[in-house]
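A quick write-up on the structure given underneath.
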């Protein structure tokens with residue numbers, strides 16, 4: 001019994017199988033260690049996204065080499081395996097043209113670098129922080145804590161706005177004041193509000209622009225700058241402070257209104273019922 005067990009353990013099949021298992025085990029350990037070391041080294045000179053991408057690439061490359069060695073140890077011909085892999089790749093390529101398009105688009109995104117991990121981008125009606133940039137898709141986390149997956153192909157074809165690419169942003173406030181108001185006073189109040197708001201930057205300085213005469217108001221634009229991380233807080237606080245300052249200075253923000261003049265001569269009395277106007281004089285209908 002022991003002799004048969006000894007002969008079985010010393011058979012070429014078992015020895016080759018153990019060697020193949022050893023190759024795969026060493027490959028797993030080595031791929032993990034080398035990829036982690038490469039990520040730390042690459043992250044010193046490149047972005048986190050590039051470091052993570054190279055980490056995955058190195059990991060799977062090393063694992064593939066050791067797996068191929070293990071298969072060769074088991075007696076498989078590498079030429080046959082490569083040929084089968086080529087045929088399988090062509091078949092998969094025809095069956096998944098969308099995935100191939102996303103893959104190619106992902107390579108363009110990696111080369112162009114319109115955004116990086118941690119940036120806040122806007123694509124269509126979706127705005128969120130970039131969590132990862134993969135070969136097939138980009139993952140976002142929206143401000144209401146939703147997970148969004150965007151295919152790379154859609155990003156290549158769409159307009160992408162990077163909201164945090166630059167360290168500062170400008171906030172434009174469009175407002176209107178009544179025609180009776182003094183423009184110089186309004187300008188002074190707006191600059192005073194910006195000066196007292198700690199989120200407004202002194203440089204670039206705030207800008208005031210009289211854009212034109214509206215139907216019911218004098219149209220104005222007031223622009224201030226803030227750091228990108230403080231933009232949302234500034235947008236909320238500044239508008240509230242302007243409203244309070246206008247109320248304190250009795251500056252009127254008018255609402256649209258229209259004056260209609262009716263001639264008294266030959267006017268037919270009108271009766272409004274349920275939102276529609278109807279004439280009381282029905283003689284014309286008979």
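Here the Cβ of each residue, glycine as well, is placed from N, Cα and C on the backbone.
Per TrEMBL, the listed range annotated as transmembrane segment is 52-70 (candidates: 33-51, 52-70). Across the domain 'Mechanosensitive ion channel MscS' (99-165), DSSP assigns 20 helix, 26 strand, 21 coil. For the transmembrane segment (52-70), the residues of the chain that approach it from at least six positions outside its boundaries are 19-21, 23-24, 26-28, 30-32, 34-36, 38-39, 42, 78, 81, 110, 117, 132-133, judged by C-beta separation under 8 angstroms.
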